[in-house]
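*Asks:* One structure, as structure tokens, below. Some questions next.
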């Protein structure tokens with residue numbers, strides 16, 4: 001089942017539990033606006049190249065739309081639609097005043113020079129500058145984009161609208177980016193895991209963790225878990241997978257990854273098959289890489305008691321059913337990885353106020369939001385007698401539905 005089908009399925013189950021009528025359900029599903037633009041740029045060799053840029057703006061009942069911009073060769077419209085919709089529910093679960101959006105450009109960033117990427121970003125911004133904005137739609141980095149991309153969008157947008165740092169988040173610190181943004185998704189996943197474990201009378205310390213993915217999210221999660229006394233016993237990335245039952249020395253691993261561009265060959269652990277990382281023996285499994293990695297083929301083999309979904313849509317619905325029968329507790333992505341968008345919100349707030357926070361305030365506020373979010377999800381679980389995934393979906397959908405009705409928008 002692809003991301004869109006799974007998201008729609010969860011949405012429909014949530015609307016049934018909430019008892020929403022079919023007209024309101026329909027109006028919540030249909031995107032507010034889908035934008036598709038042609039971006040033609042001169043390449044460094046003087047030839048012209050054309051790319052397709054797009055933006056799906058899903059819902060703005062609760063505030064400006066928010067979501068990443070990805071540069072990737074295979075940009076699937078269905079997936080972008082699903083991710084835009086997911087952002088609507090995610091921002092509602094986090095209780096920040098946004099709706100969902102997603103977009104990008106169909107290109108291979110590795111095949112383009114820095115100056116070609118800059119020209120492409122600026123042309124894309126020229127095409128959509130009147131459709132995004134501080135109180136309309138606030139983009140952020142995603143796959144294949146980074147703080148530099150956001151800096152170009154900010155600069156190009158400001159040529160039309162005056163200096164507007166709050167038009168994008170995930171910016172470089174020197175242009176109004178927030179301290180703590182880099183670690184936010186990983187730190188949010190840690191706070192989420194902490195809230196879940198505390199509820200079961202446990203803490204991070206002493207638990208054994210397996211982390212799939214050692215990019216931004218996975219590496220920060222590993223570092224912070226290690227600092228809190230958790231034991232990371234296995235890690236994987238695109239180069240391979242490593243395991244040490246006594247616990248991996250995370251500081252040494254960071255140095256190794258920096259020098260070797262991956263975890264493969266790390267001296268203080270033995271290598272294991274990357275496909276078996278998810279079924280390694282542990283207490284807590286954190287998928288922090290791609291979607292759809294936990295499926296009906298491997299769900300029966302999973303030994304973890306808790307799964308913290310730091311990636312988007314890592315668990316297929318079929319796997320969900322198998323795991324819940326086994327008693328595995330899954331903390332869903334729309335709550336577990338919302339640390340990133342929450343700190344993006346803090347960045348936007350700081351830019352609008354023109355007053356920047358220190359890192360400690362960012363982290364303290366993030367913990368408050370994540371802890372409160374967990375309590376809200378649990379409340380919905382009690383009300384509707386459902387699992388955490390449905391608790392999070394009913395929470396998000398209900399908040400958006402209430403805002404839609406209050407604004408008089410329902411059909």
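For all residues, glycine too, the Cβ spot is worked out from N, Cα and C.
Given the structure is predicted, the values throughout are model-derived calculations rather than measurements.
From TrEMBL, for reference:
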BINDING   66, 90, 344  substrate binding site
ACT_SITE  102  active site, proton donor
SITE      142  site 'Important for catalysis'
BINDING   185, 216  NAD(+) binding site
*Asks:* Which residue, of the binding-site residues 185, 216, 344, has its CB surrounded by the fewest other CB atoms within 10 A?
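*Replies:* Sparsest of the binding-site residues 185, 216, 344 by Cβ contacts within 10 Å: 216.
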*Asks:* Rounded to an integer, what is the Cα-Cα distance in Å between residue 102 (active site, proton donor) and residue 344 (substrate binding site)?
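*Replies:* Between the alpha carbons of residue 102 (active site, proton donor) and residue 344 (substrate binding site) there are 15 Å.
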*Asks:* Let me make sure I understand the span of the substrate site: among 66, 90, 344, what is the greatest distance between any two Cα atoms, in Å?
*Replies:* 13
*Asks:* Sort the recorded positions 142, 185, 216 by C-alpha distance from residue 66 (substrate binding site) and give me just the closest.
*Replies:* 142
*Asks:* I need the nearest neighbour of residue 185 (NAD(+) binding site) among the recorded positions 90, 142, 344, using C-alpha distances.
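*Replies:* For residue 185 (NAD(+) binding site), the spatially nearest of the recorded positions is 344.
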*Asks:* Hey, for the substrate site built from 66, 90, 344, who else sits with CB inside 8 A of the CB center?
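*Replies:* Leaving out the recorded residues gives 67, 87, 91, 94, 96, 98, 100, 140, 338, 340, 341, 342, 345.
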*Asks:* Cα distance, residue 142 (site 'Important for catalysis') to residue 90 (substrate binding site), nearest Å?
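*Replies:* One finds 16 Å between the Cα atoms of these residues.
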*Asks:* Take the Cβ of residue 102 (active site, proton donor) and count every other Cβ within 10 Å, whichever protein chain it belongs to.
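*Replies:* Excluding its own Cβ, residue 102 (active site, proton donor) sees 29 Cβ atoms within 10 Å.
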*Asks:* Long-range same-chain neighbours of residue 142 (site 'Important for catalysis'), Cβ under 8 Å, sequence gap at least 6?
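*Replies:* Correct list: 67, 68, 69, 70, 102, 104.
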